[in-house]
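Features reported for this protein in Swiss-Prot:
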MOD_RES   S175  phosphoserine
REPEAT    23-44  repeat 'LRR 1'
REPEAT    51-72  repeat 'LRR 2'
REPEAT    75-96  repeat 'LRR 3'
REPEAT    98-120  repeat 'LRR 4'
REPEAT    121-141  repeat 'LRR 5'
REPEAT    145-167  repeat 'LRR 6'
Amino acid sequence: MLRKMGEAVARVARKVNETVESGSDTLDLADCKLVSFPICIYKVLRNVSDQIHLITLANNELKSLTSKFMTTFNQLRELRLEGNYLFRLPNEVSSLQHLRAIDLSRNQFQDFPEQLTTLPALETINLEENEIVDVPVEKLAAMPALRVINLRLNPLSADVRVIAPPLIKFDMLMSPEDTRAPPP
């Protein structure tokens, strides 16, 4: 077990070093078995955090992200968090004013993360395969850049299915009503 942990730590260190040394705008920490974002990464990336435009933390074991993560990487254009255990986002997600795409699919959201509706550049939201019942349709309709929101495989209420289509100017992807039964 210790050997596997050591290998995981070494993999994270290698990926972070590659980002710093290459001057890449991408930090890919997918499939690293992370339960939280490593604090030491803030220090290592302090001189290049403004240059990072894409972070992938997909398929880890994250339950939350800190406000420090959001404010440190406030130049992000894309954030990939699919396949974790997230159920909410910190309020500081509103500092991601340049964010164009966020993937929160296959997490544990029961409530739509309404902070996303304050992001002026956000074009794509993927919340597929969560537990979301209700969606702030009016707030989404007011988002200037939004083009697609994926809500497939969520137990959406009938109200969302009926009210949303006439109000929105973007593509709202939903599963057929009988794909998943709502929770009891």
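Using N, Cα and C of the backbone, Cβ positions are placed for all residues, glycine too.
What you see is a predicted model, and the numbers here were worked out from it, not measured in a lab.
S175 (phosphoserine): 15 other CB atoms within 10 A of its CB, across all protein chains. Proximity of distant same-chain residues to the repeat 'LRR 4' (98-120), defined by a Cβ-Cβ separation under 8 Å and at least 6 residues beyond the stretch ends, is recorded for 53, 58, 74-89, 91, 126-136, 139-140, 142-145, 150. Over the repeat 'LRR 2' (51-72) the predicted model carries a mean pLDDT of 97. Within the repeat 'LRR 1' (23-44), the DSSP-based counts of helix, strand and coil residues read 6 helix, 3 strand, 13 coil. S175 (phosphoserine) falls outside any helix or strand according to DSSP and counts as coil. Residue counts for the repeat 'LRR 6' (145-167) under DSSP (helix as H, G, I; strand as E, B; rest coil) come to 10 helix, 3 strand, 10 coil.
Applying DSSP to the repeat 'LRR 5' (121-141) sorts its residues as follows: 5 helix, 3 strand, 13 coil.
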